[in-house]
Amino acid sequence: RRQVLEASQQLSEIINSEPGAESSDPSMDTAPAAQEESASHCLWVDKFAPRRYMELLSDDYTNRCLLKWLKLWDTVVFGKKTKPSPAAHPQLSHPKEHPNKWKTKVQLTEEILEAELDQHKRPKFKVALLCGPPGLGKTTLAHVIARHAGYNAVEMNASDDRSPEAFRSRIEAATQMRSVLGSHERPNCLIIDEIDGAPAASINVLLAIIQRKDGEGEAGPGRRRREGGLLLRPIICICNDQ
């Protein structure tokens, strides 16, 4: 009996010492079997999934590009002004040289992402596309980056809604309605998974929402309700085959 009690106490200390433990209440030591059972039912991909930006194991260049693109929405979403990165505007010792001759891939990408915002303070590219084989961490990256940038990640699967109207309603609901979940209200960031499995009609609906201009829907109140407004929230699409 003494050996069983010592083993259960050691197991309780190990579980409580792990980062992200739900509770470190000493009263939980009296039920080590329940803790062991709950730990055994938790998948390792969920237990050890990254929660913060610094815990990501995916490509650092991809992580920074996606975060930089998402921060370009701060002006229209949060009312903040984005500051240009000093790496995107390096000082050239010889002005006569070609400006793109000695720039790295990171600098060129930052210059593309730092293009001037449109008249509605939105970035030039309204949608980011993450592509790669299954298990690469695309969905995890999208959720972590969205939370890191201050958004409420809303995920939908493009293969579930085969109807273009249902696809349109879900996109508009996620990008136009505010999130009321939790005590702190956050704007939504829509994550569309398996976009390569969506029918062509749904893709056309997505393109129409992205390319929608301010003049659309001004003919009458009925048309405005039917067409919706401008896209003012970021959308991240995920696919396996580009």
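Just so it is clear, glycine is given a Cβ too, placed from its N, Cα and C backbone atoms.
Taken from TrEMBL as is:
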- 1-15: compositional bias 'Polar residues' (COMPBIAS)
- 124-233: domain 'AAA+ ATPase' (DOMAIN)
- 1-35: region 'Disordered' (REGION)
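On the 0 to 100 pLDDT scale, the domain 'AAA+ ATPase' (124-233) averages 80 in the predicted structure. Counted with DSSP, the compositional bias 'Polar residues' (1-15) comes out as 14 helix, 0 strand, 1 coil.
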